[in-house]
Amino acid sequence: MVSIRPDEISSILKKQIADYDKSVSVSNVGTVLQIGDGIARVYGLEKAMAGELVEFEDGTEGIALNLEDDNVGAVLMGEGLGIQEGSTVKATGKIASVPVGDAMLGRVVNPLGQPVDGNGEIATSDSRLIESLAPGIIKRKSVHEPMQTGITSIDAMIPIGRGQRELIIGDRQTGKTAIAIDTIINQKGQDVVCVYVAVGQKSASVAQVVEVLREKGALEYTIVVNASASEAAALQYLAPYTGAAIAEHFMYQGKATLVIYDDLTKQAQAYRQMSLLLRRPPGREAYPGDVFYCHSRLLERAAKLSDAMGSGSMTALPIIETQAGDVSAYIPTNVISITDGQIFLSADLFNSGLRPAINVGISVSRVGGAAQTKAIKKIAGTLKLELAQFDELAAFSQFASDLDEATQQQLERGKRLRELLKQAQFAPLNLAEQVAVVYAGVKGLIDEVPVEQVTQFAAELREYLKTSKPDYINQVLTEKKLSDDIEAVLKESINEVKSSMLAAA
């Protein structure tokens, strides 16, 4: 028979009492009632907050969006293949946040800030809430510094300033992304941090963009946030806010930032999908009632901060895709009313060979004029008007058989201006080159050059200035204005290039 030794029992009891942890952990737990289509209905979670992160049994995260009487509607930020009815859900008490910092530069991340480029973990300890309040009026300053895109027609006629929101709108395949990528490439050496947010795009297209940025040496100051078409609707909806949060980190450090949302139409569609599955009442075009707020709270985060706040800036270039050029649809009109101007790309102009296919007539920059450099402002004042008049006259001249000399001259000048503004993709021009090209056209110095040779003339002029007149380029780039001396040098250069071209012909 085993003898029971009291001292052994007492020592075991003492050890257990010593090891006893009396701390109590309280967690808000619920049960999955229904799961499917990226939406989970959860019973319980009484204390869940709107927008709170919830964690499912299989590790998938979700966001509590619908707080109803008897259940919580959550959207999944992942596949959620391991989630079953009856499995437990835990409220985390946190709102979605994303890692930020210099370590993010040159990386491709998903909307949760996790790297997807195969280059290892991102070593940063800083994080920032994905949703945060936009700066108030007192914290802002009016837009007054230029954000050069490197695209002559934009910098001359639709100038963009640091801290502005400028919409790029047009049908599919009209060169919207090309303008955005050119703008990123043009920021090289300007100490601007760029964030490119790809929403609902093909992974192959995003890989191509990343490769172009790498080739042009632009990836080192760019962060790419990718929520491809194959990802959950919740991630596509979150991606733009993630991009804004990453840029805000640099903005509040006093840096200039540029964010491209490509495109917000896909984000609105993802939000519509989530809202309809959550059984929220649909409105116009089946979008939920708060889709305007979805975009306005995102774009209001772009700002030029006051000196007291460090003078940082976030410039936003949202992209919207239209159907058959219809800018009066719901999402286009919403975003047009939120932004500080729009660049409208026309499929007809694109197909006629004008690249970038900017329709100058309905494109506008509401605040960029104050930020435009003096050099280009001085000469480009009449450019937009002349091109608009040319479009009108070109349409009229198709029906009129005999035109007076002044009209004929205006048409000829318009054709040459059109040719001058044509630009190759991924080849942004600096300010001095833009000034030279626009000056030659507006002042009528190339009226004798045949239309088909204008593009060649522009290329030769730029090359001549680089090799023979480097002082002109340096002076315009440093002073950013066109003095009488520089203007004389420019005029002489244009005439020399023109003479040699006409002589060769």
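These residue numbers are counts, starting from 1, taken along the chain as shown.
Cβ atoms here come from the backbone N, Cα and C positions, even for glycine.
Residues or ranges marked as ATP binding site in Swiss-Prot (evidence: sequence analysis): Gly170, Asp171, Arg172, Gln173, Thr174, Gly175, Lys176, Thr177. The site 'Required for activity' annotation in Swiss-Prot covers Ser363.
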Distance from Ser363 (site 'Required for activity') back to Thr174 (ATP binding site), taken between C-alpha atoms, in Å: 15
Mapped DSSP class for Lys176 (ATP binding site), helix or strand or coil: helix
ATP site shell beyond Gly170, Asp171, Arg172, Gln173, Thr174, Gly175, Lys176, Thr177, criterion: Cβ within 8 Å of Cβ centroid: Glu321, Leu345, Ala347, Phe350
Surrounding CB atoms that lie within 10 Å of the CB of Thr174 (ATP binding site), all protein chains: 27
Least Cβ-crowded entry, counting other Cβ within 10 Å, from the binding-site residues listed as Gly170, Gly175: Gly175
Winner by Cβ contact number (other Cβ atoms within 10 Å) across the binding-site residues Arg172, Lys176: Lys176
Distant-in-sequence Cβ neighbours of Thr177 (ATP binding site), under 8 Å, six or more positions away: Ser205, Val209, Asp262, Ile319
Reduced DSSP assignment, Gly170 (ATP binding site): strand
Proximal residue to Ser363 (site 'Required for activity') among binding-site residues Gly170, Asp171, Gln173, Gly175, Lys176 (C-alpha distance): Gly170
Most crowded position, judged by CB atoms within 10 A, among Asp171, Ser363 as recorded positions: Ser363
